[in-house]
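Chemist: In case it helps, TrEMBL gives these features for our protein:
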- B:12-32: transmembrane segment (TRANSMEM)
- B:69-258: domain 'ABC transmembrane type-1' (DOMAIN)
- B:73-95: transmembrane segment (TRANSMEM)
- B:104-125: transmembrane segment (TRANSMEM)
- B:137-155: transmembrane segment (TRANSMEM)
- B:236-258: transmembrane segment (TRANSMEM)
Amino acid sequence: MSKTIENLYAPPLAGKSEPLRQPWHQSKLWRRLKPYLYLLPAVALLGIWMYRPLLYTFYLAFHKWSMVPGTAKVFVGFDNFSRLLQNKSFVEAIGNTVFYTVGLLPFSIVIPLILAVVTDKMNDRMKNFYRALFFIPMILAPVSVSAIWRWLFHPSNGVVNHLLLKLGLIEEQIAFFSDASWARWIILFITGWKMIGFSTIMFAAALTSINREYYEAASIDGASSFRQFLNVTVPLMSPMILFMLTMSILFSSQWTFAYIDILTTGGPYGSSTNIYYEMYRFAFSNLNVGVSSAAAMLFFLAFGVIALALNAVSRKFAFYDN
Amino acid sequence: MTKRFSIASVFRHGALVLMCVLAIVPLYWMAISSLKNESEIFTSSIIPLKPTLGNYTYAFTQMPIVRMIVNSFGISIMMTMLQLTTSLLAAYALVRWRFRGKALIFSLLSVTWLIPFQAIMIPNYVLINDMGLNETWLGIVLPFCVSTFAILSLYQSFQSFPGVLIEAACIDGLSDWGILTRLILPNTRSTVASLGIIQFINAWNEYLWPMLVTKKMENAPIQIGLKLFVNSDSNMWGSLMAATTVSCLPILLIYLVLRRQIVDSFIRFGIK
């Protein structure tokens with residue numbers, strides 16, 4: 001194989017001025033096409049399974065349809081949007097989405113950052129041991145996690161209720177999943193439980209890449225460890241902090257989806273639902289594709305704006321140590 | 001000075017031990033609950049006094065667990081392989097050549113981050129139905145056979161591949177395909193493998209889409225079967241925990257063996 005190619009590259013012998021015939025796989029056209037051919041599977045599949053459906057969802061947002069094959073899609077203009085915004089449960093879902101997004105920040109940023117800093121000066125073997133354990137919730141499936149917590153928080157037989165009763169913290173058992181004042185806190189807690197170890201490890205990894213000399217310089221200048229944290233650690237960690245912040249804000253509503261569906265189905269009285277769960281219910285429980293698509297379109301645009309804003313913030317404030 | 005150090009270190013280890021307890025206790029409780037017999041399951045004893053496998057036999061007779069585990073493995077392996085293939089080809093093209101429309105392709109790839117699955121589920125569901133692929137492995141795999149996360153991760157690691165080596169291979173007459181399969185791939189094997197592990201775990205844990213595509217237990221991956229079980233038998237806690245243990249076991253075993261690589265690759269690539 002390589003031998004024949006070598007021969008082709010070999011300079012033509014003097015005297016024999018016969019022009020070299022170019023095979024197809026060396027022609028200019030082929031060489032220009034080649035990158036696109038390598039990209040073709042990925043781009044074509046993205047087109048079919050990402051961008052086509054996205055545009056189709058935008059199209060459906062202006063139509064009334066029940067997903068039944070063979071039925072016509074009726075154009076209704078902005079009707080779906082106005083119905084959506086008048087829908088009480090949807091307005092409540094927006095409030096809960098904000099609740100989950102803000103509520104997750106302590107689990108994805110604040111506590112992990114503190115834990116990472118506190119454990120930074122530990123020897124490697126201990127660090128790896130802790131890291132391995134921290135990581136376990138992250139790799140478990142949402143369904144398995146839900147099943148476990150459902151059992152732990154069981155209203156009459158769960159171990160959490162047992163413990164709280166024994167410690168005298170509560171007087172009667174709490175029905176965590178069917179009590180409107182508890183349900184969304186439990187969903188938030190489970191999502192946070194899954195997140196916290198992972199964030200800690202990400203921050204710990206970013207910490208190890210900070211140059212130690214900054215701390216030495218700061219302590220020579222007499223900076224307390226809290227000041228060192230504020231003036232050295234936080235600025236140098238800012239790219240990672242902003243990265244985790246973006247992830248947390250953009251994805252927290254998606255992370256809570258499975259727990260909402262399995263543990264509370266959005267209830268009681270819509271107190272634990274979020275926008276993605278409502279989209280799912282509009283489409284697959286109420287068979288109201290138009291309203292679901294309108295919500296999807298609205299929030300695709302809203303999260304797009306948020307992402308752009310966060311991106312601008314990271315460009316402006318992230319501090320890189322060169 | 002020594003005193004301050006010891007207080008700090010007590011605090012440090014205390015915080016860590018608390019975190020570990022929080023991470024592990026739910027799993028421990030799952031495992032021991034699955035071994036407790038009917039009279040013991042509702043007590044809060046921390047060791048099962050008369051361990052029994054009865055819950056497991058009940059769970060295995062109640063649902064086709066073996067079948068669902070096979071489904072999960074089949075789907076996850078298929079998905080991972082397809083994702084790795086498409087992203088290897090795409091990342092190679094992006095690193096290797098300069099061509100028209102490259103910027104456009106990068107922005108198409110990045111924007112997919114912002115597309116939540118709920119915004120594309122209806123058209124995809126309709127398409128899979130039209131193709132007659134519901135209740136099949138292929139129906140679950142197809143919408144996920146390209147991952148922009150994988151493409152961009154591989155692009156990053158390929159970029160650090162020394163260009164001199166590629167040039168040398170060119171001069172030696174290795175074809176472009178050969179450079180990918182005989183030079184780059186063997187040298188980035190561990191990167192590709194760790195990416196594969198992440199993608200496998202993600203595929204194994206996938207929830208919403210498999211739930212839409214499969215309705216029957218014998219076609220469903222284990223996660224969906226478990227969900228149906230959670231919602232049907234609300235009082236068989238022992239066997240539910242047995243089924244949950246079985247559903248976690250493959251991932252936990254992989255984690256036990258490849259602990260370091262998994263943690264490192266998550267750190268390197270972040271999350272999807």
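Every residue gets a Cβ built from N, Cα and C, even glycine.
What TrEMBL says about a protein is an automatic prediction, not a curated fact.
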Chemist: As a test: from B:73-95, B:104-125, B:236-258, pick the stretch that has the greatest number of Cβ pairs under 8 Å with the transmembrane segment (B:137-155).
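Modeler: So the stretch in question is B:73-95.
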Chemist: Can we call the transmembrane segment (B:12-32) and the transmembrane segment (B:104-125) in contact, meaning three or more C-beta pairs below 8 angstroms at a sequence separation of 6+?
Modeler: no
Chemist: Give residue numbers and ranges for long-range contacts of the transmembrane segment (B:104-125): same chain, 6 or more residues beyond its ends, CB-CB under 8 A.
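Modeler: Cβ under 8 Å, 6 or more out: 94, 143, 148, 151-152, 208-209, 212-213.
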